């Protein structure tokens, strides 16, 4: 990849298009090892579940993942209302000395973790009005994604399938519609299970992929993080290169048809 092909979010550019979560690892040391193997530059943190200073007597993620080396992306995992999400991100901004790039997710059901879009839209408006730069976990509905962009979201993050399901990309057509209409980055968020899922997302034209369970839940998280790094890079290169059209039959054989040696009679 060239240095010119960067992911730009809220005016800041990144070489890596892979965003990685920090939950579900054995400990903070394994978290850091996986992040290093992934090559990520943006690390998402569940404020309600991860200590970043709100519990001074416990180990802090920031001791292993310092803001000087990574862009931290506080998220609202576990929030089921706009009010809870807004309060959580206000706390994150206070703990991180005014940090304003955040990931909003407002869940609608504790079993499937599907986004509650009315509450998500409500929270997006409030956060944007308060000066946050909001990346939004959302459904793969193109209309809802357009509404989020109109409200001022700096990135839309449609799910590929349910959070933690590992089912991969179930609706590539909606993702294509969202990509084609959006003027902000589109990143797949949720559902990636293995490297090929990440590659497909990038081949579709997504600007990036965010994942946690696919790496942290793998038998070897460090090796999977490395695999995901290569998959995202390879998928992006394939998208830029441009795939050949799908055809039922080959209109032009790749083997030469001229200059063939005639069979002896």
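Every residue gets a Cβ built from N, Cα and C, even glycine.
Together with 190, 191, 212, 213, the 1-deoxy-D-xylulose 5-phosphate site in Swiss-Prot holds one more listed residue from 131, 152, 164, 242, which is 164. Cβ atoms within 8 Å of the centroid of the Cβ atoms of 164, 190, 191, 212, 213 (the 1-deoxy-D-xylulose 5-phosphate site) belong to the same-chain residues 162, 163, 165, 166, 192, 211, 214, site residues excluded. Summary for the binding-site residues 164, 191: the Cβ-based neighbour count within 10 Å is maximal at 191.
Site extent for 1-deoxy-D-xylulose 5-phosphate: the farthest pair of Cα atoms among 164, 190, 191, 212, 213 sits 10 Å apart. Residue with the densest Cβ environment among the binding-site residues 212, 213: 212, by other Cβ atoms within 10 Å.
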